[in-house]
Structures are given as structure tokens and as C-alpha cells.
Amino acid sequence: MIAWSDVWEFLPKIRVKLTVFLLIVSTFLLLGFLDFFTNHGPNNCEMTYMFEKPEYVEVALNKSVKTSFPRYSLYVYGEGRYARDLEMGKLDGIPVVFIPGNAGSYRQVRSLASVCLRKQYDKGLKSGFDFFTIDFDEEFSAFYGKLLYDQTRFLQQVVKSVLELYGGRRDGVVLIGHSMGGIVARALFGLPGFNPTNVRVIFTLATPHASPVAVPDSLVAEFYREVEEVWREGCRSGDFSHVTVVSITGGFRDVQVWSGLGKPRGIPDDSFISTVSTSIPDVWVGTDHLCIVWCKQLVLALSRAIFDIADFGFKRISTDPSLTRQILNYHLKKRSGGKKFWSTSHPPEITMDKEAYWWELIKKRWSFTWEDFPKKTYVAVPLYDEKDYETLTVLVSNHKEKDWLFACKMLATQNSLKSCSNGINLSRFGRIVQGTLKRKTVDLNLKHLRVQNFTHAVVLHPGPQYHVTVFGDVYEKKSRVLEFWPNYWTSYLTPAVVISRTEPGALKYKVIFKSGFQNMCKAYHLIVDTLTCKGTDSSAAAHGWVEFGVPANADHVVEALRSEVGSEQRVRLKLQSAYNFSTGLPAYIAVILLTGFIGQVEALAKEGKCPSFHSACCSLKGLLFIVLPFRIISYLLMTPGVLDWVPETDVSILERENLDHMLLPLLLYCAAFPLVYILSTCSWLVVMACGSALHQLTLRVFTKLVRVKEPISELAVDGLTRFPAIAVILLLAIGHATSGGFALVLGLVYYYIKVFKFYEEFVESLVAKGVGAAVRTVRERLARSNNRGGDSRREDAEEVNNSQADNRRSSISVGSSQEPNEGVISRRRWTITSASRTTPEREEGVGDGGNTVQNELDIAEDNNPEIVNEEEENLADLINIRARFHFGVLMLWLWAVAVNVSSVLSWATRLRYSVRLDPDPSAMTGFLILLTAVIVWQPNVPHLNRSNFFISPKCLRILGIAMLLYASVSTYRLGPLLALCFIWLAMHERWSKPSQ
């Protein structure tokens, strides 16, 4: 059996290899992140332009509203003469309220508002829509939950004020929210006193409905929980049955809100429409997070949908929710005809053109171009009672007729050919699909048509003048439905073949991936290869596309459609896996920083030395004693009946959202590893290269704030450096008066200067050591030249020196026996002063003997240069130890500031309205960390040889496990957990005892 001691003896031997391996893996992961954030292809959105100068007319609100919300305002959008009417208070349209998102501007409404205004003029309408827009002062609402509550309450007052402007002539408004504005619109329904019937439609653009992108404070998490509960209860009771919520996400180009967050929890599918801009008819492009509000293709589609659901006779949105959802689904998901819903309604029956030509097909797969038909032709497909004749897929290109697909009974004979006099219109089952030409496709169940006694399915070809191409494919449904179980790990290196070879002329295959796609962390690359392409023209490749469908609570489906002009063209479908993850990186960065700090503490206790922070972070103990136990504990906590009393962890949330898998912690650890290296390297460069500049900048700022002369401010800053307790008191007062996060930022600047002083003293000690060595060399050479007078004189001098050295050693042993040795790097105790000078402390209990020892030491130092050299080396080592140790603590402080930066941003943006941030999510973290700084910032920290820990550093690893369990998603919990690390350090330095 292998002993653990043998393992630990072997581990240092592979540390270098492990570091190289982690760096290689981390480099690939960083390249993946870089690719994810940069490789999005060209932005195919067209810019939306205004026809006239956009103007924003401010709406006067009630005095009580302005008093309660001094930061917010309300405007109404206008152009030209319409803006002049708005200035005179003429409002006669349907009110629409635009709600900006995180750091969003009220001016983002201009694209949609301008297009709708121009559409109103083109239609000849006297009134259309009045677009109101809210100015939230571009607040960071995604980072501070208190702002979400304030914005929701202000939106309630806006809806009330807007309806009052119409004098009771309007019974509701349309809400359009971008980003966090969409969740604010839904939160409106949970406020007491709000009438839900005032809103019938909510459009949300790039809104994270399912969960926030980040959880920087507990108020954001609580806000989402309340919204979810309100809507779940409202939909269950039927109070919100009249409301239709539309969620549009930007697809792959939006790196802030991925499409999976667009589907909220608690809303039934019949009252919610979720789609991606890449799948909206006539849009077909991805949009980034900001582009989604001005992308011309999407803005035009939204304007058509809004106009179609409006009842301009009563100047309101349709009161029939089923009709509203039907219209919105037509425009945003499945459009079968033209751009207007009412004009494309398909009549149930069609009378056939008697002058048209009829052609009955016997083949199962066929294609026709405009050159094949001299005039208008009906292509009839017989409905044979065979299993091969089960499904018909038709694809038409450049077909402008809205009614083009029918089912009929062939009874009459025309020109020796069978024909139908009338038929049932099936065009409503078709839909337009993406392509350079206007294309439509349909899938017909021929078995259902045979049950209704139809004999043929009929496709209309309008004739050669329209350049229409028609493709058809009759097949048995199960022969084209494939179930595939992708192996995520093996397909990463070699693509897995899903379809080895398609049938000649096949139009459609449906592939159901039974596993793999339910996890966000598993991404795939779909590859379509053309194997043979004989007897086809160059336009054949333009008829192929791939569609991804993600049904709710079902297997993920990929429909691969390929149109074939030639009978020999075949394709192969392959699947290759890739990585896609980012959840939990802040927690893993904190764990690696904590691992480095623990390594430094343990090295100080065992060896009396402090390794560099970079080398301490490379320890295997982070993986073995934090990440591995975390993975085991997380699985235990998710097991039913095991530790049910433990609060729900963030891992359970990730598992519920299908964002977790077994090796995710290892991948995140490797991804966080280079980020920690970059962060620590930049911090070290700031300390070494910019420490002096930072010190001078602090002096100037202090001089301007206090309004004193620079020498006095320099003395004050040096005094704060010498007496950290005073600095801590000032920072605590600042944190109480402003924000705890801001106080942590000031403390970070103070700590950077302090660590810079340590490194400055270290460099000065090295310079002094070099100068001293040079001086001693010169003295030795001079001494040798002066001592050439005779052997007797030299022997006498050596005897005196040896006698003095023996006396010194005996004096040192007597003085050192009075107190346990404080450091293994030196045989004397040293106190470091700000001027980098050292003086031996007087030992307790020695009495007058201490002065005797000091006098003997001075004599020995003058006569024995080797003693001076040893003491200078010990002094440099001691300063280096403290500099390295405080740099490790500085990195923990830096990350505590990083996880509370949202509070700092929120405080800074609200500064002109209130000096104090209330409530302050960073108050507790700031107070605890600053309180421990009274001990941590003392000049004699760390104490050496303190192996008798008051609390074992293994407890810090428990904190690391807690970070991964409860702060992988809820990043606001990282602050208090990091504060506990500082509390441990303060208790260790205050109450631990020196080892004997």
C-alpha cells in the first residue's frame, strides 16, 4: 500500500510538470474564451435612420412623483410637425412605454418609434402610436437590486401618468423593455395598487427572464424570486391570462444574455412567445446586446406586428388575447405569406383556374424550374395508400402567390388529363424560410389527407415569367427521423458521423439528439459535407440549410434540410463537440488566490520562509483539498434523503438549469488559473513600477482635499503608514458615511503603497549589502597591505580577533537564552524602521548585561566583517518575507474589492443625489475586512515560527469549499467568505503562540 508520506514526497517532483500542464490547458481555454467573445462573424444588421431630426419632449410629472424619484424622467418621442403637436400636448395615438435596461438610454427608443411614425404616415392614419420613453439616468440596474425596485415603482407611476394624459380615453399601454427593462416590466404586476388590465402586451428585447446574468448582490436574487412567484401565481389564478409576453433574444452574437435565459419560469407557453432574431421571418440575423434595439430587419418585423395587433378604430390593442398571440406568432415565428396578417389570410376553399395546365407526378422526388412549364400549371401528387407515401415535403423558391398549395379530389377530365375544379387551401400550413430568394416550405401528412377522401395534393406553378423553382419529396416519415446519442468527449477529437450518406434527392432529415444538448457547457459544431454533386447546376447549394429547434422539456431537435436539383447529389452530416462555459469563474479565482495564501502561511510555519505568491498558487492542494472535496460534497447534497437540512447550494441551481457536469470544476479551475497569474502579475507590476507614482498621486489628492501644504500632507500620509490603526478608523468612518465598497477601494490603495514600501526597503537592503561588500573588500585589501610589516604583528592581531569573536559568541548565547527564537533566518531579533535601519532590541530579563553584549557586538562588527555580511543577508531575507506575505494578502483584498465593484459603481452613479449608499450590500464585507486591518497592517506581521495556530489553516480550505458550493452563482456571497479569511489571519497573528 502506498503511504501518503510517499505521495507527498513525490508531489514536489511533478510540480514543474503540473505547472506547465496547467499553463498549456489554460492557454487553450483562454483562446476559447477569446474566440467566444470575438468570433461572431459580420454584423449583418442594417442601420435604422430617422427621416427627420429626433426630438424628446419631456412630460411633466406630478410633484410628488418627482420628489420621490428625482433621478428619473419621462419623455415622448417626436419628429417634425408631430413633435410640435406633442409640445402643445396633443396626444391621440396608442400609448407605448419604452423601458431601457442596464446603463441604457431613453434615446434607444428612436429606431422603433421613427419607423412606426413613418409607417403611420404611409398608411394614411391620422394617429398611430405615441412612444413614451423613461430616463433611468443610465443606472447600473443589473448590479444593484435596489435600483430594480426603484425603477419598478417609477414605472407604475409612469403608466398611471400616461393614462391620465389621455383623460380616460385609453385603457392600457404597450410595454417594450430592453435588457433589464423587460424584467422591470414584469415586476410591475407584483406591485400593490397596480391594475394588470392596463397592460395587454409586453415586448422584451434581450431580457434575461430565467435568471440574472450575474448575481452581484442579494437584492437582485430576491427581486427575481419575487417576480417569478408573482407570475406563477398570476398565471395559475388566471389574473394574467389576458397578457401576452414576447421575448426576443439576439442569438450567438449576444455574449451578455445567451438565448437560454430568454424563456422565463412560471409562465405557460400559451401566453408566452419566445424566439431568437435568427429565426424570425425576414430577419434571419443575429444581434448583439445593443444592436437589437436598432437592427433594421428586426425593427421592421416588430413594427408590422405592433400595427397588426392594434385596433385603430378604438385606439387600443386587441382585447382578444388568442388573436393577439396568433398575429404575433405569424410575424415572429411562422409566417406563411405576406408581411401583413390580415391581407394574407387564406380562404378555406379555392376554385381552380380552368385555363391552367395539369401535370400528375408518379415520381417520389422531383424538381421543376420555370423553364419546364410554358404556362400556369398545377402539379398534382397522388395520395397512394402505401407506407412510402406518408409525408410530402415541398420547397418553392421565388413564389409570390399567397395561395399555392391545395388538396382536392380529381373527378373531371380536361384535355385527356385529370383535374380538379376546386380544392381545400393548405397554404396556411406553409412557412417562409431563410434564403436569398423568397422561399416557402411545407410538410404535409398524406395519411390525414387520404382519411378526408382527397386523392391528390396540388402545388401551383405560376408559369415561366415568375422564375419559380419547385422541389418535392415523398417519403415514409420514420425513414427520415434519426435518433443520435452524441458522445461528447470522443467527438471532441474526431467528428461523429450522424448521417453517413443522404438519399439522392432527399429534401429533409430530422435528427433527434437524445443527450448532450441539454447542457449549456456542451457545445457542438455541425458539419455538412457534399459528397457528390453530379448533374446539378451551381444554384443547387443555395437550397440547403440547417434548422435547430429547442422544444421545451423535450429532446433537442436538429432538422437538416437539403434541396437537390440533381439526382446524384448527396451530403454527410457530422458533429464535433466543443467547450462553452463561464459560470462560476469568480469563485474559482477566489479559491486559487486562497490556495496561494494558505501555501504562504504553511511555509512560514514549517520552514520560516515565504514563497512567492505565484509559486504558492501552483500547489496541488487546491485541487486535492478544495475542488475534489467540493465535487464529492455537491453530489452528496444533491442526493435525495442525504443532508436535506443543508441549505440549497448553487450547484443545485446549475444542475436544475442544466449548466453543470462532472468535469466542470476542473475546467473552471484551469480557466481561472491563467487569470490569477495575469491578475497577480499586473498587481506586482503596479507595486514595483507604479508604487512611487501612486504614492505621489495619493499625496496630491490628500493635499487638495485637506487643503494643506504638501510637506504637511506628506507627514500625514507617512503617519498613517506608521500608525495603521488611525488609517483603519478613518476608512471605517468613510465606509459608514459613503459605501463599504468605496472604503475597501481606498484601503486597497493604502495597501498597495504599504507593499510598495516593503519592496522599496528590500531593494535598499540589497543595495546596502552590495555597497557594504564593496567597502569591506577595499578594507581587506588595505589591511593586507598595512600588515606586511612582519609575521609577529600578524599573529598578534589574529589572536586578538579570535579572542573577541569567542567573547561575542558566548555573549550571544547568553542573551538568546532568555526568549524563544523568533526566526530561523537570524540569530538576533530585528525591528524594521521606515528608514530601513535595524537596531537590536533589548532582551527582557538581561538587565545591564544587554548593554555589555551590545558593546561587544559593536567591537566584533568593526573587527569581523563576516558577521556584518551575515546580518545584512538576514535583514534582506526578513524584509523579503514580509513583502511576499503582504502581497498575498493584497491579492485577497483586491478580489474582495472586485466582487464588490457593483456597489462602488452604484454609489458613484448616485453620488450627486446621495452621498451614502442605502442599502449597502458591501457594508458587512467592508466593515469586517477593515476591522482586521488593525492587526494585519502592523509592521511586525507576519510573526515567524508561529506553528501553534490559534485556528488551523485547514479551516481556510473549508472556506474554499464553501465558496464553490454557495458562491458559484451567487457571487455576492464571496465578499463575506473572503472577510472570514481576513478574520482568521487577524486571530492567528493576535493569539497564536511561538513554537518551542
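Each position is counted from 1, following the chain as shown.
The backbone N, Cα and C atoms fix where each Cβ goes, and this holds for glycine too.
Automated prediction, rather than curation, is the source of TrEMBL annotations.
The annotation compositional bias 'Polar residues' is assigned in TrEMBL to 800-820.
TrEMBL lists 91-308 with the feature domain 'GPI inositol-deacylase PGAP1-like alpha/beta'. Across the domain 'GPI inositol-deacylase PGAP1-like alpha/beta' (91-308), the model assigns an average pLDDT of 92.
Residue counts for the domain 'GPI inositol-deacylase transmembrane' (883-987) under DSSP (helix as H, G, I; strand as E, B; rest coil) come to 70 helix, 1 strand, 34 coil. Sequence annotations record features per position, and here TrEMBL assigns domain 'GPI inositol-deacylase transmembrane' to 883-987.
Among the features that TrEMBL reports, region 'Disordered' is placed at 783-823 (among others).
Marked as region 'Disordered' by TrEMBL: 836-861 (among others).
Annotation source TrEMBL lists transmembrane segment at 18-37 (among others).
Taken from TrEMBL, the feature transmembrane segment applies to 578-601 (among others).
Annotation source TrEMBL lists transmembrane segment at 662-679 (among others).
The feature transmembrane segment is assigned by TrEMBL to 723-753 (among others).
What TrEMBL lists as transmembrane segment is 887-909 (among others). For the transmembrane segment (887-909), the list of distant contacts is 137-140, 143-144, 146-147, 216-217, 586, 589-590, 593-594, 596-597, 600, 613, 616, 679-680, 683-684, 687, 738-742, 744-745, 747-748, 751-752, 755, 917, 920-922, 925-926, 929, 936, 971-972, 974-975, 978-979, 981-982, 985: same-chain residues at least six beyond its ends, Cβ to Cβ under 8 Å.
Distant neighbours of the transmembrane segment (921-937): 144-145, 216-219, 724-725, 727-728, 731-732, 735, 739-741, 743-744, 747, 751, 754, 889, 893, 896, 900, 902-904, 972, 975-976, 978-980, 982-983, 985-986, 989-990; these residues of the same chain sit at least 6 beyond its ends, with a Cβ under 8 Å from one of its Cβ atoms. If you look up TrEMBL, you'll see 921-937 (among others) marked as transmembrane segment.
What TrEMBL lists as transmembrane segment is 958-987 (among others).
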Other parts of the chain folded back onto the transmembrane segment (958-987), taken as Cβ under 8 Å at six or more residues beyond its ends: 214-218, 220-221, 583-584, 586-588, 590-591, 594-595, 597, 622, 626-627, 629-630, 633-634, 637, 647, 649-651, 653-654, 665, 889, 892-893, 895-896, 899-900, 921-922, 924-925, 928-929, 931-936, 950-951
For the transmembrane segment (723-753), sequence-distant contacts whose Cβ falls under 8 Å of one of its Cβ atoms, 6 or more beyond its ends: 686-687, 691, 694-695, 698, 886, 889-890, 893-894, 896-897, 900-904, 907, 915-917, 920, 922-927, 929-931, 933-934, 937-938
